[in-house]
Amino acid sequence: GAGKPPLYGDYEAQRHWQEVTYNLPIRQWYFNTSDNNLLYWGLDYPPLTAYHSFLCAYIAKLINPDWIALHTSRGYESQPHKLFMRTTVFVADLLIYVPAVILYCFSLKETSTKKKASICALCILLYPGLILIDHGHFQYPLSLGFALWGVLYLSYDWDLLGSVAFCLALNYKQMELYHSLPFFCYLLGKCFKKGVKGKGLVLLTKIAGTVVVSFAVCWLPFCTDMEQIMQVLRRLFPIDRGLFEACMFSSPPPRLANIWCSLSVLVKIKNMVSPQTQLKLSFAVTFLSVLPTCIKLTVQPSLRGFKFALVSCALSFFLFSFQVHEKSILLVSVPVCLIINEIPFMATWFLLVSTFSMLPLLLRDGLLLAYAVTTPAFLSVCVAAFSIFEKTSAEDLQLKPFSLSLKGYVSWFKSFPKIVRSLFLLSVTLMGVLSLMSAAVHPPQRFPDLFPVSVSVISCLHFVFFLVYFNVVVLWDSKNSRSQKKIS
């Protein structure tokens, strides 16, 4: 959106939040006033995002006050300011996200040497989706970074620190709710395992107290009255906008690779049911899709199960939940990065599809060249680092327990590696052709959205396939929590 009034783009949104938080008192940050028009990139993220914007604004004020001048700075663009804004993203990367990735990779039992850990970290950090969104579409990686710290702390059984880290993630972006159920179920399962009346109750009390204190600290300036709290919540969860909220702010409307947008190609759900019914429908389907994984994780808590549950639940939220954005697929992709060492073939495949699913957004942002460079580079590094085509057996894909449960059909799995490799090559070829056509070919006048719709539907079909796959891995996981603890 650079240089394109009236809204300019997400870069301007981040800059405008700095303008608002620095120049206005806290009580006005989330309210519509003459100085804060909520229709012009009004704050719609939790308090921690606002505090971060204020911190960046304070530094910006020291460098050039014009960058955040109230009203007059709207649409401000200059090379020095772009350098400043890019630097703030790099700093956030270097302080929060990158250290979490590196420490996580060095903590894995599978990466027994520094070389293997470094290669694993390199593959995760080269994931093109996050690079293109954080540094191209312009976002900050803090919520995902805090969530990674939460996973890292829990892997060391530092449950209270893990709870604090995830609370920070949730208070930075409400979309971290995608990961909330696995965190909750894993910790609750650990408490049950320790005994409801003994150590488990003590641990549960400590975790509950930690969560309450963390939220209280983040929300303290907004707790002066109930009206403040309710206004922030209304900004965070704008239910009245309906199921297809992401389609309201662009022309042509963006195409999203989830179930509702894909189904709307054939069935106009938006015109058939009211926003309230849409909310209830999406809640019911999302809840039912995550229920089996959550029950399994609560009954048999294990670190391995927790990481796979993060993927499965986040993917269910992306496919079925309310008001999803294209870039929300990153909330699935980052947990997939955490298991790339365990199932490198499927993880690499998923990460390629997740980047492809954002192609319409990336094209609107003028990121074709960056997309064309980073995606093949990522695939090349993963092939070289993990030899992914050699790891396609049922055992390599964590499907051995499932294949054994099929009894008489086990012989079918003998040809499974060949089938999976063929599907992968077909998928990559299809994504490559569609990417090329989206960038270079004009669609027919009768179907102006042909390519975005094709990208969304094909990506959605991939994601449904991956949802089934990850649920099978979780539900048929034969490794109990005791063996997992010994391995850790």
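Including glycine, each Cβ sits where the backbone N, Cα and C put it.
A TrEMBL annotation is a machine prediction, not a hand-curated record.
Going by TrEMBL, these are the annotated features:
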type: TRANSMEM; residues: 83-106; note: transmembrane segment
type: TRANSMEM; residues: 118-140; note: transmembrane segment
type: TRANSMEM; residues: 146-170; note: transmembrane segment
type: TRANSMEM; residues: 200-222; note: transmembrane segment
type: TRANSMEM; residues: 305-322; note: transmembrane segment
type: TRANSMEM; residues: 329-356; note: transmembrane segment
type: TRANSMEM; residues: 368-389; note: transmembrane segment
type: TRANSMEM; residues: 423-441; note: transmembrane segment
type: TRANSMEM; residues: 453-476; note: transmembrane segment
Annotated stretches the transmembrane segment (305-322) and the transmembrane segment (453-476) touching (3 or more Cβ pairs under 8 Å): yes
Stretch among 83-106, 146-170, 368-389, 423-441, 453-476 sharing the most Cβ pairs under 8 Å with the transmembrane segment (118-140): 368-389
Sequence-remote partners of the transmembrane segment (200-222) [C-beta within less than 8 Å, at least six residues beyond its ends]: 26, 30, 46-48, 159-160, 163-164, 167-168, 171, 187-188, 190-194, 228-229, 232
Interface present between the transmembrane segment (83-106) and the transmembrane segment (423-441) (three or more C-beta pairs under 8 A): no
Recorded stretch, among 83-106, 146-170, 453-476, maximising Cβ pairs under 8 Å relative to the transmembrane segment (329-356): 453-476
